[in-house]
Amino acid sequence: MKKRHTVNTIKSAKNSNKLVMITAYDALFAKLFEPIVDMILVGDSLNMVFAGRSDTLSATLDQMIYHANAVCSGAPSAFVVLDMPYGTYINEKEALQNAIRIYKETDVDAVKLEGGKEKADLIKTLCQNGIAVMGHIGLLPQHVRGQGGYKVVREADRLMEDAKALEEAGVFSIIIEGVKPEVAAKVTDAVQVPVIGIGAGKETDGQVLVWSDMLGFFEDFKPKFVKQYLNGAKLVKEAVSQYAKEVKEGSFPSQEFSY
């Protein structure tokens, strides 16, 4: 059995072992991923993947807690990070109340929230109260409506300031999204905590992908940075089509599958 990660072992992976992170929203897939990856992210992307919404903004804290518990049940030895959904960390008081609720009602190891140096004081408050925090800079999905879409972030100086401010505030790692590889590499070198990339090139300390993207289940849209390791949608459609065909023609269930 693989040794369970902690905040300290994640931090110690900086400049040594590439960290592998993947999303999961249920016990079934979490159990499959647990022995392979370093971290599982219960991302607010579930609002799009699981609930079929157009963005992440309407995900609720109740919804996130429900899925976090499913993931923790399926992967009890995994290092699990939970996204704090939009609107749950508007100020320090609300952020702390909601983060404490997450820790009380789930077994997740850490929370993740979006934002740069403007969130540093808030993050510091969480960390001082025993909450492990993963930062998220660059392209911020929770800001997609206000920014007019998903756009690559090019301001290197701002990203460096953001990363350093989050590190000083106490994050144990940072996700950097939608950033040119050379910029992400500079940010990674500038801080002592692991930087996990998504659409940010290969010079970060690790990578994270949405499981349904990398396994080819999400057919509506494929981001440029996603490599599909499986055409899951095609395989599922073929299998269900074969099942439907056998039911229609009366060949299933055969004697082999009957009591």
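The backbone N, Cα and C atoms fix where each Cβ goes, glycine too.
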Query = Same Mg(2+) site as ASP44, GLU114 according to Swiss-Prot: which of ASP62, ASP83, ASP157?
reply = ASP83
Query = Given the recorded positions SER45, LYS112, GLU177, which one's Cα is the least distant from that of ASP83 (Mg(2+) binding site)?
reply = LYS112
Inquiry  = Taking 10 A as the limit, how many CB atoms besides its own sit near the CB of GLU114 (Mg(2+) binding site)?
reply    = 22
Key: recorded positions (ASP44, GLU177), the one with most neighbouring Cβ atoms at 10 Å   = ASP44
Task = Determine, to the nearest whole angstrom, how far the Cα atom of LYS112 (3-methyl-2-oxobutanoate binding site) is from the Cα atom of ASP44 (Mg(2+) binding site).
result = 10
